[in-house]
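Enquirer: If you look up Swiss-Prot, you'll see 8-282 marked as domain 'tr-type G'. Here Swiss-Prot flags 17-24, 81-85, 135-138 as GTP binding site.
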Amino acid sequence: MARKYPLEKFRNIGIMAHIDAGKTTTTERILFYTGKTHKIGEVHEGAATMDWMVQEQERGITITSAATTCYWKDHEINIIDTPGHVDFTVEVERSLRVLDGAVAVFDAKGGVEPQSETVWRQAEKYNVPRMAYINKMDILGADFYRSVQMMRDRLSANAVPIQIPIGKEDNFLGLIDLIRNEAIVYTDDLGTTMEEQEIPADMKELAEKYRSEMIEAIVELDEELMNKYLEGEEISVEEINAALRKGVIANEIVPVTCGSSYKNKGVQQMLDAVVEYLPSPLDIPPVKGVDEDGNDDERKADDSEPLAALAFKIATDPFVGKLAFTRVYSGVMKAGSYVLNSTKGKKERIGRLVKMHSNHRQEVEELEAGELGAIVGLKLTTTGDTLSSEDNPIILEKMEFPDPVIEVAIEPKTKASQEKMGIALAKLAEEDPTFKTYTNQETGQTIIAGMGELHLEIIVDRLQREFKVECNVGKPQVAYKETIRKPVKAEGKFVRQSGGRGQYGHAVIEMTPTEGEYEFENAIVGGAVPKEYIQPIDNGIQEASLSGIIAGYPTVNFKVRLVDGSYHDVDSSEMAFKIAGSMAFKNAMTKADPVILEPIMKVEVTVPEEYMGDIMGDVNSRRGRIEGMEQRAGAEVIRAFVPLSEMFGYATSLRSRTQGRGVFTMQFDHNEEVPKNIQEKIIGEKK
């Protein structure tokens with residue numbers, strides 16, 4: 001099948017922002033102008049096309065990232081809508097993995113807010129080229145220039161305006177295109193009619209100042225242009241665009257545009273910039289991975305290369321069942337064909353292929369290199385798996401997901417729904433790698449764990465709506481962990497020899513604290529323990545580590561070296577070695593100076609100045625460490641690290657202390673040792 005658009009005319013972009021910066025409205029407008037929707041959906045009326053789960057429409061926030069295809073000026077644009085609420089940063093992480101470029105949306109009044117910083121850092125991690133769109137130019141307190149300065153100060157971004165606004169707040173009329181040196185004024189409400197005019201006389205000087213700053217920033221990226229500029233020659237629009245595109249793709253410059261999506265101003269110009277400056281799949285480096293022998297390998301964006309695709313999100317659709325949102329990096333994926341899930345080493349059949357327009361879908365015969373779509377009919381594939389051709393397998397770099405920090409006990413309102421709830425929770429955990437569910441061995445309760453209170457509220461909500469399971473939910477608990485502080489050597493010996501067949505397993509391990517994940521190293525020499533019993537020892541240790549010895553919390557950040565052991569020709573079995581492994585682990589834990597770790601949250605509280613003292617005192621009383629303070633838009637911002645256990649119910653307390661004027665955001669930062677007195681309290685509560 002011939003391509004409708006050549007690869008250089010593809011743009012796979014994400015729209016990322018702080019909650020409420022107007023990201024979904026912006027996406028809506030893009031869909032409207034690119035002809036995908038005939039009626040504009042307003043978020044505050046609860047009808048936005050991208051927000052397709054009922055909870056999103058009620059809360060006016062975006063939770064799942066839907067991939068939508070639209071067309072603009074002979075380009076195919078795939079938009080991945082990412083949530084801005086901090087409990088859903090995992091959605092942002094996974095969408096950034098499959099994007100080539102991103103538009104960061106900022107609120108002209110708030111500028112760079114805490115979540116914008118988080119999302120920006122995530123984009124840095126994946127080297128995603130970005131442009132910025134400063135939205136809400138029509139609201140009270142909008143300040144374009146302050147927002148640009150905040151991008152420079154707080155994000156260390158080389159932010160360069162390529163447009164400046166004409167007027168602001170109620171008088172926001174349009175913008176000045178600094179590259180073409182002309183004014184664009186909107187003459188109707190839908191923003192479909194606009195006039196290109198001369199720059200208003202009272203703005204000529206300002207436009208000149210910003211235009212020369214922009215040209216200086218751009219020529220710095222290109223030696224040839226620099227020489228031309230220094231010799232006083234005129235630099236053409238084409239030259240500016242070419243140099244700017246190169247700079248954006250190399251992550252050296254961030255062009256800044258402005259507008260008001262709600263008032264339909266500036267969106268088309270922002271789309272022009274997406275097409276003009278953000279990379280196509282050909283502009284980014286080949287995707288990296290490993291072949292079946294573990295050697296480094298890569299795939300270029302080319303239809304003739306072997307197939308390599310990444311399933312970046314699993315969603316359950318009420319009509320077609322499981323949808324796997326996938327990006328094809330190389331080769332062609334055909335409906336009805338077989339592929340290899342190289343992460344799991346299993347064959348999968350591609351049922352149907354669909355391109356999504358938020359929640360209508362269009363069936364296609366194939367997805368080519370650089371395209372995004374969803375696969376219907378995969379059985380085994382989960383988030384982060386690689387799909388590749390059977391005769392040329394590759395495993396693309398895996399995605400990393402943080403561990404949950406908060407958990408609650410949950411039970412169905414009727415005994416009859418117990419099984420239904422179990423199935424539903426398993427489905428939800430398959431969709432969302434940061435959501436975990438397990439049964440507490442001591443109490444028999446079902447526990448759900450996630451990234452924050454909102455995250456779990458939405459899970460419970462979905463259980464009721466999508467799976468029709470009514471639940472009772474306990475009080476949120478902190479997901480504590482246990483770890484060790486010193487290296488030790490210990491053994492576990494399991495011997496049972498009382499008539500009939502006995503049991504014999506014996507393992508000697510060295511256990512050391514580490515910063516990273518659990519590691520197991522087999523250092524047995526001379527066959528002291530036969531090969532087939534090594535894995536059972538590892539399994540025994542891993543199972544035992546799920547329930548630590550201080551207060552039964554999972555043990556993390558340690559590594560094990562199996563150094564010795566012994567076996568019995570007749571009595572040894574896998575089971576016996578598994579038990580020996582878990583005994584060795586427990587013996588090692590008691591000697592290794594174990595401690596409890598608690599999640600520490602990065603908290604930002606924004607309050608009017610008069611409440612500053614009171615709020616700082618309150619943060620300190622919650623065992624908080626204040627990291628810094630700054631003034632922002634007439635309010636004081638306090639930045640601190642506070643243990644999660646002290647933050648439950650903080651929203652209510654902050655509201656009452658500040659008469660509803662204070663706001664805060666928090667997100668998980670790291671785990672830290674619990675002070676002795678608190679540790680004793682935790683142990684007491686568990687007993």
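Positions of Cβ are set from backbone N, Cα and C atoms, glycine also.
Just so it is clear, the model here is predicted, and its values are computed rather than measured.
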Enquirer: Restricting to the domain 'tr-type G' (8-282), what is the model's mean pLDDT?
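Expert: When the pLDDT values over the domain 'tr-type G' (8-282) are averaged, the result is 80.
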Enquirer: Output, ordered by sequence, the same-chain residues six or more apart from Met137 (GTP binding site) with a CB under 8 Å from its CB, or 'none'.
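Expert: Looking at Cβ-Cβ distances below 8 Å from Met137 (GTP binding site), excluding near sequence neighbours, one finds Ala108, Phe144, Pro165, Lys168, Phe172, Cys258, Gly259, Ser260, Lys265, Gly266.
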Enquirer: Using a 10 Å cut-off, grab the number of neighbouring Cβ atoms around the Cβ of Ala17 (GTP binding site), all chains included.
Expert: 30
Enquirer: What does DSSP assign Ala17 (GTP binding site), in three states?
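Expert: Assignment for Ala17 (GTP binding site) reads strand.
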